Amino acid sequence: MRLSIKFVIHILIVIPLILLSYAIYESWFITSSSFVSLLFLALCIWLLITSKIERTSYFNPYTLFLVAAILFNGGQVLLYALGLNDFILGGKFQQETINQTIFLVMVGLSFFHLGGLLSEHHYNKTDKIVNQKEKEKFSDFELRVMGWLLLSISIIPTFILLKNSIEAVQQGGYFSLYQQEKVTSFKAASSVLSDFLIPGTLFLLGGSNLKNKKIPLIISFILIIIYTFIQFMLGSRSSAIMPLIAYLWLFDMKIKKIPRLPLLSAGAIILFIIFPFIGFIRNSTELNLLDAFREFFMVQNPAIAILNEMGGSMSTVAYTIELIPNIKNFEFGMSYIYGLSTILPNIFGGIHPAATKKLADWLVSTIDPSFASIGGGYGYSFIAEAYANFGWLGSPLALLIIGYLYRSFILKAQISGETAKLVMVSSFLAYFFFFARGESISQFRPLIWYSIIPYLGLYLIKDICMMYNKKINRLVSTK
């Protein structure tokens, strides 16, 4: 199969240019970040332009994750390249570390995208999107049954958890959410069950349509809006927006195409106004919203504020470069293995073994022990995790594999034409965005528990429905 032009350009021009620039910076001891920041800007434009398949939309899980990865791991670099920031990461790091961090992010993003392009090549034009009516394995009814089942086990635990969270925020502000006692074993059952609310909502959406199944559609819409609103009120922006994006993508794929201009406008309002405003007010327990809104716009440009805040996650990459292997040895794949172990529930009491191995917890306890002791954290980065495991030489390969697997997961669902597989992807998407500023330990359980297992559960529902129909047919035939 012939290689695409963008694949050839990426592997023969883009990646070699980044590696050559890094070699020049290192050998000539260049300290300025001006050129490398412009190179980063050019790379981001290239990544986004080449992130979609021909005749498809940029509103897809792969492009959306790339946007998140760029903003969290390089938002401040973009501001610096555009002359909107005097410093990168507030001048907390030496210039050499800043440049190494930018290059590591560029290498990480470019190899992640190389994996995505390899996946696209694998699934290329011999595989076309097929007619859904010919390929559906599961009926809309079976999807709705799964949706109602998941909602039935999650709605009450979700109500209780949200109620407790609201009370905690009212008393102690947003940060109090991270200072609550951690529950383990069977005591964590309500938290685990509540996480099925979003998959349940998405399965209900997947089994709906605008013709004769509007009620499940309306219910799913009400649920996602209420959930998003409450999470925003709690100050948890990522928990609010990730399920909403997953819902909108599935709606766009299954129900009806969403007009792109209103979608883009709404996204810009959420990102550049609502996000920074919530970040501004979420630690206040007594607040006049009108006064806060006025003060917020007097103090700062909200667009620059949110890019600065999101881009601050790049500090986790910089700290990781400074500390590994100087203070801590490379993980050599262990963080991914610990993440994989979270698939198995910890029912014997105590904290799950993987929970004590989080790179994010190690980082904050090393950098700021007092902040860590009260539940604080800096988050992490999927690029930093790859470096923490395999260093400069191995991290590009790790990110290439991750990019290939993620893009393949999406493309296989789209090519199959199965609504159930699209629901499965959207259920995982509701959690995967956080990987841009997190680590793999937070991704394996959502992938298996809240995405793949509900999909496989459809086979059981299908068998039960077939047995029931056969029984009814036998009863009818005997009369």
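Along the chain as shown, residues are numbered 1 onward.
Even glycines carry a Cβ here, placed using N, Cα and C.
These features come from TrEMBL:
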- 7-25: transmembrane segment (TRANSMEM)
- 31-50: transmembrane segment (TRANSMEM)
- 62-82: transmembrane segment (TRANSMEM)
- 102-124: transmembrane segment (TRANSMEM)
- 145-166: transmembrane segment (TRANSMEM)
- 186-205: transmembrane segment (TRANSMEM)
- 217-234: transmembrane segment (TRANSMEM)
- 262-282: transmembrane segment (TRANSMEM)
- 336-355: transmembrane segment (TRANSMEM)
- 386-406: transmembrane segment (TRANSMEM)
- 418-436: transmembrane segment (TRANSMEM)
- 448-469: transmembrane segment (TRANSMEM)
Recorded stretch, among 7-25, 62-82, 145-166, maximising Cβ pairs under 8 Å relative to the transmembrane segment (102-124):
7-25
Cβ contacts under 8 Å made by the transmembrane segment (145-166) with residues that lie 6+ beyond its boundaries:
177, 180, 189-191, 193-197, 199-207, 216, 220, 223, 227, 230, 233-234, 454, 457-458, 461, 465
Other parts of the chain folded back onto the transmembrane segment (448-469), taken as Cβ under 8 Å at six or more residues beyond its ends:
137-139, 141-143, 145-146, 149-150, 192, 195-196, 198-199, 203, 343, 420-421, 423-425, 427-428, 430-431
Using a cut-off of under 8 Å between C-beta atoms, tell me which stretch among 7-25, 186-205, 386-406 contacts the transmembrane segment (217-234) the most.
186-205
Sequence-remote partners of the transmembrane segment (31-50) [C-beta within less than 8 Å, at least six residues beyond its ends]:
6, 10, 14, 17-18, 21, 25, 58, 63, 66-67, 70, 74, 77-78, 80-82, 88, 95-96, 98-99, 102-103, 105-106, 109-110, 113, 117
